[in-house]
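Chemist: Here Swiss-Prot flags Asp21, Leu22, Asn23, Arg36, His59, Leu60, Gly61, Arg62, Arg113, Arg146 as substrate binding site. According to Swiss-Prot, the feature ATP binding site maps to Lys197, Glu314, Gly340, Gly341, Asp342, Thr343.
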Amino acid sequence: MTVLKMTDLDLQGKRVLIREDLNVPVKDGVVTSDARILASLPTIKLALEKGAAVMVCSHLGRPTEGEFSAENSLKPVAEYLSKALGRDVPLVADYLGGVDVKAGDIVLFENVRFNKGEKKNSDELAQQYAALCDVFVMDAFGTAHRAEGSTHGVAKFAKVAAAGPLLAAELDALGKALGAPAQPMAAIVAGSKVSTKLDVLNSLSQICNQLIVGGGIANTFLAAAGHPVGKSLYEPDLLDTARAIAAKVSVPLPVDVVVAKEFAESAEATVKLIADVADDDMILDIGPQTAANFAELLKASQTILWNGPVGVFEFDQFGNGTKVLAKAIAESSAFSIAGGGDTLAAIDKYGVADQISYISTGGGAFLEFVEGKVLPAVEVLETRAKG
């Protein structure tokens, strides 16, 4: 994967437009989770150090395109950036006609989704973005799977289009995990439905040695193998699909599970052997023996890809399985990559962020890359790099 990298460019005195993913949760005008902003800071600081006139853009939320809405304004992000950088970061609302920024200074553009044509990737809007800069830097991996004006269109028309350090690091890490992974490789894929992760499961079944499944996905595999799943969430119409995947790769199944009679924070948790699951039981986590078995598989791996918690970890009594696997990944010497919103929440809860080789910032983009799909915003950078 060959793209031009921002780190290799001379940015002195250049007008640089950086597309970041600053789509953060905001409550009462205050940023409540700053992970994405923190991830973008090294790129912004580097561009400033290189003497660029820096313009940063992003979307936030899902406003009606072409219309301003105060709740989706990037004003709280501009205030956060000002504090984080120790300098004024003005929020510019009217920028398409041109904006005055000096070398070494920075501005934040208002939400790109307030511009008509952003989501439809209009050439007219993309050309307006491109006219603002000498160099366009795509650094928002989380939106790389969407072909929009500020992620894809602008890269077609900008004089120079490059990948920022954050995007480049994502591509390098995913390439390492999926391109030619150190073997043996284990993948954990968990979620409510096989149908939503079918392409991921099929793609990983071709490169990994152990495909550990969790959540509703595991229930479908259990049912496909003839085990009772009670009233657990599973997909009866995908049993043959599960069997076909299990025929291609080792899919270790739970030997014990944690069940409850209801899905609730106050639900009583009971550990049962898989054969003992009753008709009115719901499987909400893997059991302690299964967690220990899976942890051993992870310890023997050289590459680990983790997408999804294996139980309802939001309720502590159903979090042990995810906790044990998180700790096993943390203690492993394998190259480990984790991605997906629920996965990041589990990593935070169990305090293992510093012990995972790479944590992907992109939810949908992460999954599409794992599926082997082309990410439009990356593809256009590759095309531009070829000249």
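Cβ atoms are placed via backbone N, Cα and C, with glycine included.
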Chemist: Which is it, of Asn23, Thr343: the one of these binding-site residues whose Cβ has the most other Cβ atoms within 10 Å?
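Modeler: The residue with the densest Cβ neighbourhood is Thr343.
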Chemist: By a simple count, how many Cβ atoms lie within 10 Å of the Cβ of Arg113 (substrate binding site), its own Cβ left out?
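Modeler: Excluding its own Cβ, the number within 10 Å is 24.
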Chemist: For the binding-site residues Gly61, Gly340, Gly341, which one has the sparsest Cβ surroundings, going by other Cβ atoms within 10 Å?
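Modeler: Comparing Cβ neighbour counts within 10 Å for the binding-site residues Gly61, Gly340, Gly341 gives Gly341.
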Chemist: Measuring Cα to Cα, how many Å separate Asn23 (substrate binding site) from Lys197 (ATP binding site)?
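Modeler: So the Cα of Lys197 (ATP binding site) lies 24 Å away from that of Asn23 (substrate binding site).
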Chemist: Between Gly61 (substrate binding site) and Glu314 (ATP binding site), how far is it from one CA atom to the other, in Å?
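Modeler: Rounded to a whole number, the Cα-Cα distance is 24 Å.
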Chemist: I want to check the contact list for Glu314 (ATP binding site): same chain, sequence separation of six or more, C-beta distance under 8 angstroms. What comes out?
Modeler: Glu265
Chemist: Using only the Cα atoms of Asp21, Leu22, Asn23, Arg36, His59, Leu60, Gly61, Arg62, Arg113, Arg146, which the record gives as binding substrate, return the largest interatomic distance in Å, rounded to a whole number.
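Modeler: Taking every pair among Asp21, Leu22, Asn23, Arg36, His59, Leu60, Gly61, Arg62, Arg113, Arg146, the longest Cα gap is 18 Å.
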Chemist: Of the binding-site residues Asp21, His59, Arg113, which one has its Cα closest to the Cα of Gly341 (ATP binding site)?
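Modeler: That would be Asp21, nearest by Cα distance.
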